[in-house]
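Taken verbatim from TrEMBL:
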type	residues	note
TRANSMEM	B:6-25	transmembrane segment
TRANSMEM	B:76-95	transmembrane segment
TRANSMEM	B:107-126	transmembrane segment
TRANSMEM	B:147-165	transmembrane segment
TRANSMEM	B:177-197	transmembrane segment
TRANSMEM	B:234-252	transmembrane segment
TRANSMEM	B:264-284	transmembrane segment
TRANSMEM	B:296-315	transmembrane segment
Amino acid sequence: MNINGEFIAFFIFSVLAIGGAVFMINLTRVMHMALALAFTFFSIAGLYVLLDAPFLAVIQILIYTGAVSILMIFGIMLTKHKDEDKVAPFTVHKLLSLLGVGGFLAIVIWIIYRNPFFSTGEPQAAAFKVTDLGKAMFKTYMIPFEVTSILLLVALIGAIVLAKREEKK
Amino acid sequence: MDFFVILGPVVLLFIVLGFVTYAIFFERKVIGWIQNRVGPNQVGPWGLLQTVADVLKLLIKEDVIPQKADVSLFKLAPIIAYTPAFAVLAVIPFTESLKFADIAVGLLYYMAVSSITTIGILLGGWASNNKYALLGGMRSAAQMISYEIPLVLSVVGVAMSAGSLNLTEIVKAQQTGVWFVLPQFLGFIVFLIAAIAELSRTPFDLPEAESELVAGYHTEYSGFRFAFFMLAEYTYIFAMASLITLLFFGGWSAPFGLTFIPPLIWFIFKFLFFVFFLFWLRATMPRIRVDQLMEFAWKVLLPLAILNIFLTALFKEIPVLSQFY
Amino acid sequence: MEKSYLSLAIFFLLGIALPMVALFFGRLLRPHRPLPEKAITYESGVDPTGDSWVQFHVRYYLFALLFVIFDVEAVFLYPWAVSYDLLRTEMGLFILVEMTIFVLFLLIGLIYAWKKKVLEWR
């Protein structure tokens, strides 16, 4: 393994991303957790830059760091977020969650290694162009793109219906 | 590695600090003149050292952290608010050659990174554990996220005409045709209004409505921690005035073939006009009501921004007009 | 290209360094005389009652949700806008129709929110 700038940057970003995730789980105040998660999102954007995917990196910041984090903080404001510094006991529920998450991780890793996209072929040397992305999205994957809008619409209407019900209570 | 990569940003940092110092002084002078007052004139010749004195005062002020505050977040929030304000300047090209990060997605980078500041403001308001601060922080955040959507969508028309998100390319696209302020006039108006709201300037300065919320999210902050919230605000004025210049007014390109004036001077000239425009607004506009504020973003600006996108696509089809789009 | 990313990193580092350095030097200069009265939360001179970390109205959350959804829409619009001229010659006006359908669905959502008075702020 040769140590160059890219390797060092990768090391720093992955430590930050994993560190943010660990903090997110271990912190006691819910607002600190939200910030730790936002930090992880941001570090992942750094990893995308290293993968020569600047568009994805910028979107990661725009959607996750900028928007989803705010949504979460507003969500926290919606609850009675009094601090409770108690450690939850280890329960069957936790064990089940661990199994579920572990299983999901195994499946994801299995898919990644199975998919020929990741294992074969030389990395493309050509510089990133936004137009290539546009071509892929609006020409090759046209139907998934249109379906996305329906998904967004359903999410929006669903949330409004739920919130309105909450408001009436 | 050349020195420009390392030293350039440091020099820019000091230029921005100098700009902020004199922008605040200039703002007070301009508002003074408009209101038929003199403005600051006591410290130094013509009052030129007024802001320097103010900054020194903030530096030697005691740092009071309320006992009920969340200390770690309270200390972190100004940094989270300030860092993106400076980081967005990385993609701003000042002239053809004077630029730092020349990335393909420059415009989207600006929009993305500037949205992080909202988290800093929100956390600052929350960490203070003060009713005014929390309410101010929530209002600020609600306003900033509501106006970010029209801001982001109004420049899609520019991206369509330029065929790029790189800010240098966008300026170059305007050098061959007309400045985008004319063909993208609707987009420009939406962008301008949304930008003023993002900057929390009058008439959208509700987060700091001193008559109802004391000082908004930074009520509990004092000394230099407060100074960094203010610095973030004025750094965004620097960034936003630059961005408007680049997107709609051809950046450093000279109008009417007046190329004997260097490009950097043209950039600074257009840039300063927008800085002045913001101060001018502050002196002349009343503050709008909070319910009008939120509804205006979603019911007026958002539909107009979307309309602008489809108008641009439409004008691309009309034979004579299509050369401008 | 590498140089561009390096300068992005430098801008971020400088943005973090300035407040830290300034606050560090400020600590050497500023006085520190804590009094219990100073540390009381400000509430216009009245002793604060209760906690300020209260429950907020659901409409804040709805605005944040609308924001996320329209942000995602914007992210789709950007690559479309940039490659519009290219795809216009390759696919004809279908590229416009495609985006019109996409935006129309989201506009339905916006109109729904409008009618349900989610966009009102009272």
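Numbering starts at 1 and runs along the chain as it is shown here.
Yeah, the Cβs are placed from backbone N, Cα and C, and that goes for glycine too.
Owing to the predicted nature of the structure, the values given are computational and were not obtained by experimental measurement.
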Non-local residues, at least 6 beyond the ends, that sit with Cβ under 8 Å of the transmembrane segment (B:107-126): 70, 73-74, 76-85, 87-88, 90-92, 133-138, 140-141, 144-145, 148, 151-152, 155, 158-159, 165-167, 170, 198, 207, 216-218, 221, 229, 232, 236, 239, 243, 247
Proximity of the transmembrane segment (B:234-252) to the transmembrane segment (B:296-315), 3+ C-beta pairs under 8 angstroms: no
Selection from B:6-25, B:76-95, B:147-165, B:264-284, the stretch that has most Cβ pairs under 8 A to the transmembrane segment (B:296-315): B:147-165
Long-range Cβ neighbours of the transmembrane segment (B:6-25) (under 8 Å; 6 or more residues past either end): 40, 47-48, 50-52, 54-55, 86, 89-90, 100, 231, 234-235, 237-238, 275
